[in-house]
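Chemist: Before I ask anything, here is the structure I am working with.
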Amino acid sequence: MNDPGLDGPISQDAKDIEKQKLDEHAEAEEDEQAFLQPSRWWFASTAFPLIAGTFGPMASAFSICALVVHWRVQIPPGGVEEHGIYVDDPPWLIAVNSVQLAIALISNLFLLLNMARRVRFSIAQPITIIGWYLSSFTLIGLTACAAGPLKLEPSSEYAFTQAYYYALFSAALYFIVATLMLVTALGALRGHYDKEFQLTMSQRTLMLQTISFLVYLLAGASVYAHIESWQYLDAVYWANFTLLTIGIGDYSPTTHLGRSLLFPFAIGGIIILGLVIGSIRSLVLERGKEKMGSRMVEKHRRVLLKRLHKKGKGQVLEPIKDDKASISRSSTQEELTEKDRREQEFKLMRKVQKVAGRNRKWMSLLISGSVWMLLWFAGAAIFQQCEYGQKWSYFGSLYFAYTSLLTIGYGDFYPQSNSGKPFFVFWSLLAIPSLTILISNMGDTIVKGIRDLTLWVGNFTVLPGEEGIKATIKKTFNKATGGRVFVEDIEESPPGILGESKAEGKEESHPRKDDPESTAQRVLKEKEGPEQEQARRRGHPQDADVDRLPKSRRHYHVMLIKEIAKVVKHLNSAPPREYTYDEWAWFLKLIGEDEADAETHRKPLRKPKPDGEGLGATTTRAEDNFQSNKKKIKWSWLGNRSPLMGNKEEAEWVLERLTRKLDRELDEMHKEELEEKQNRNRGVSEDREGSSGGSS
């Protein structure tokens with residue numbers, strides 16, 4: 001009768017807490033699988049849709065160029081194909097070409113709606129793939145007919161127009177992007193990833209930005225073709241090298257209106273192009289860097305574990321439990337505690353990250369440089385063949401391609417043939433973004449090396465550093481010899497197991513994690529006195545009170561809030577903040593992990609295998625694992641479940657865990673308060689019933 005009705009809210013809160021814990025396990029498993037998944041499935045789920053979203057609209061733009069102009073031209077006596085007389089195409093060829101263009105535009109529309117999450121993956125992808133394949137095969141058939149049964153003789157008096165070559169490029173692009181999307185669909189059907197694109201919001205807008213740029217280019221070409229009395233495809237060629245800031249100069253506006261309109265046309269196109277290139281850089285430099293970095297860290301981790309086992313040092317990777325003998329250091333007989341052993345693991349993992357990060361930067365430079373060189377040399381060879389009428393040498397073609405790639409555009413060489421101009425449009429649209437990516441990758445390697453060299457030279461001349469010339473020389477020799485000379489003068493991280501840096505026993509003895517001191521520590525110093533002040537001296541392994549948490553639950557919540565506020569400031573650090581081992585030990589302590597306790601530690605596996613068929617299977621495994629035994633996941637700093645193995649920045653990882661911990665603590669406190677209130681109300685109800693029974 002007096003039941004407050006709290007059973008429902010309490011049970012719901014309990015379910016919410018259990019679900020939150022389950023989600024944490026599922027996300028941990030998903031982070032693990034991200035490192036174990038082969039790179040090819042990342043390409044299929046992320047890179048391929050973006051490539052299709054970029055080149056699908058380009059293929060349709062080329063298809064429009066192939067439709068608006070006749071495919072054959074008659075060369076006048078003593079003239080060139082550029083100024084030939086158009087020959088009418090058969091009506092059926094124009095009709096079929098129009099139908100395939102409509103099909104291709106519908107395919108592009110469904111891909112765009114799928115990326116915008118307006119149409120389901122299972123509906124959009126079959127339409128997109130089939131439509132692009134139909135357009136490709138149709139254009140292949142039409143161009144084959146034009147080169148065969150419809151070919152006019154004698155061949156010396158007839159030639160193909162630019163529209164014919166645009167049709168060839170369009171057919172090839174349709175086939176390529178359809179095949180890429182077919183691979184993406186097959187990967188989703190086989191369960192390697194979800195049936196939706198794994199794209200960020202900026203990457204989802206790449207296709208829309210590409211469409212905007214191409215519409216802007218084609219519309220501007222139409223306007224200038226009318227104003228300057230140019231052929232439409234010549235105007236497309238002019239608009240292309242204008243918006244790409246190449247400025248070859250063989251075409252330029254001569255009317256007052258054309259020159260006046262150039263001001264808004266050029267700046268508008270350059271802005272749109274900048275947005276497209278920015279999105280492409282987001283794909284290659286952000287997502288590609290993360291995936292390549294993840295795989296390289298995983299490979300170097302496996303190599304390191306293999307080396308340790310081969311050298312007979314694998315025992316240091318075994319957790320030290322209470323019933324096991326401690327491991328001795330390699331250089332002394334001093335015994336290692338579990339926390340010491342974990343610190344060794346942590347420093348080895350830092351070394352793996354450093355080597356993998358350096359290799360990733362140079363690998364990215366090698367790949368982008370190879371693509372740029374391929375466009376340069378292969379493009380020059382094709383230009384030489386296209387401009388055989390001008391008798392271009394290969395060196396002349398290299399010269400033209402180089403000045404065009406760097407957007408110098410002298411104008412002493414320029415394509416004049418009907419095949420050279422369409423290829424220049426296609427080639428330049430590929431080359432300019434690739435150059436942008438190459439320059440970005442050079443900034444992390446060559447440019448950084450030149451900058452460091454400049455600063456190093458400055459330390460000996462007019463810009464001496466704070467450490468002085470002597471310290472600079474010692475640092476240089478120490479780095480060049482891998483830390484084997486001037487060891488006593490150079491402060492570096494301890495050597496860990498492999499012993500390639502500072503000698504054992506030279507480690508810092510002062511508490512690093514108190515520098516700078518967290519706000520939470522200051523709060524607790526004021527509230528809890530000397531005992532907690534001693535517990536917060538977290539840097540001494542010999543201290544029995546190390547990393548002690550507050551006894552008061554409310555003070556613990558205050559500490560979580562203050563530490564969260566501190567970590568938030570690290571999110572925008574450049575370069576990203578990397579925490580020391582002591583800081584990591586403290587954060588893990590806050591979320592319930594004890595680095596000195598081997599209960600949640602395990603020996604790292606050299607070749608862990610993904611569970612299930614793909615990422616979609618991890619949630620089920622996490623759910624089964626959590627519901628069956630509710631044990632904490634065991635992990636190692638050198639294992640695939642290590643926080644250092646994730647794609648997230650360390651500050652982001654720590655912030656998420658601290659926030660979840662605080663949220664869970666508050667939920668549990670709320671649940672306890674509800675239960676206490678329910679019990680109190682029940683007691684009052686029983687007292688009332690007892691008093692009413694006694695009075696009767």
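Residue numbering: from 1, along the chain as shown.
Every residue, even glycine, has its Cβ placed from backbone N, Cα and C.
Found this in TrEMBL, in case it helps:
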type	residues	note
COMPBIAS	13-24	compositional bias 'Basic and acidic residues'
COMPBIAS	501-516	compositional bias 'Basic and acidic residues'
COMPBIAS	523-550	compositional bias 'Basic and acidic residues'
COMPBIAS	598-612	compositional bias 'Basic and acidic residues'
COMPBIAS	669-690	compositional bias 'Basic and acidic residues'
DOMAIN	213-284	domain 'Potassium channel'
DOMAIN	372-447	domain 'Potassium channel'
REGION	1-24	region 'Disordered'
REGION	494-551	region 'Disordered'
REGION	598-622	region 'Disordered'
REGION	669-696	region 'Disordered'
TRANSMEM	47-71	transmembrane segment
TRANSMEM	91-115	transmembrane segment
TRANSMEM	127-152	transmembrane segment
TRANSMEM	164-186	transmembrane segment
TRANSMEM	206-227	transmembrane segment
TRANSMEM	261-284	transmembrane segment
TRANSMEM	362-382	transmembrane segment
TRANSMEM	394-411	transmembrane segment
TRANSMEM	423-443	transmembrane segment
Chemist: Checking distant contacts: for the transmembrane segment (423-443), what same-chain residues at least six beyond its ends satisfy Cβ-Cβ under 8 A?
Modeler: 58, 62, 165, 169, 236-237, 240-241, 244, 246, 273, 276-277, 280-281, 284-285, 361, 364-365, 368-369, 371-372, 375, 379, 382-383, 386, 404-407, 415
Chemist: Near the transmembrane segment (206-227), which residues from the same chain, at least 6 beyond its ends, have a CB less than 8 A from one of its CBs?
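Modeler: The answer is 50, 53-54, 56-58, 60-61, 64-65, 108, 111-112, 115, 234-236, 238-240, 243, 253, 255, 257-258, 261, 265, 268-269, 272-273, 275-276, 279-280, 283.
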Chemist: Among 47-71, 127-152, 164-186, point out the range having the most Cβ pairs under 8 angstroms from the transmembrane segment (261-284).
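Modeler: That would be 47-71.
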Chemist: Any contact between the transmembrane segment (47-71) and the transmembrane segment (362-382)? By contact I mean 3+ C-beta pairs closer than 8 Å, pairs at least 6 apart along the chain.
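Modeler: They are not in contact.
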Chemist: Who are the long-range neighbours of the transmembrane segment (164-186) in its own chain, taking Cβ under 8 Å and residues 6 or more past its ends?
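Modeler: Same-chain contacts beyond the ends: 44-45, 48-49, 51-52, 55-56, 58-60, 62-63, 65-66, 71-72, 97, 104, 111, 125-126, 128-129, 132-133, 135-136, 139-140, 142-143, 146, 233, 418-419, 422-423, 426.
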Chemist: Please give the average pLDDT for the domain 'Potassium channel' (372-447) in this predicted model.
Modeler: 92
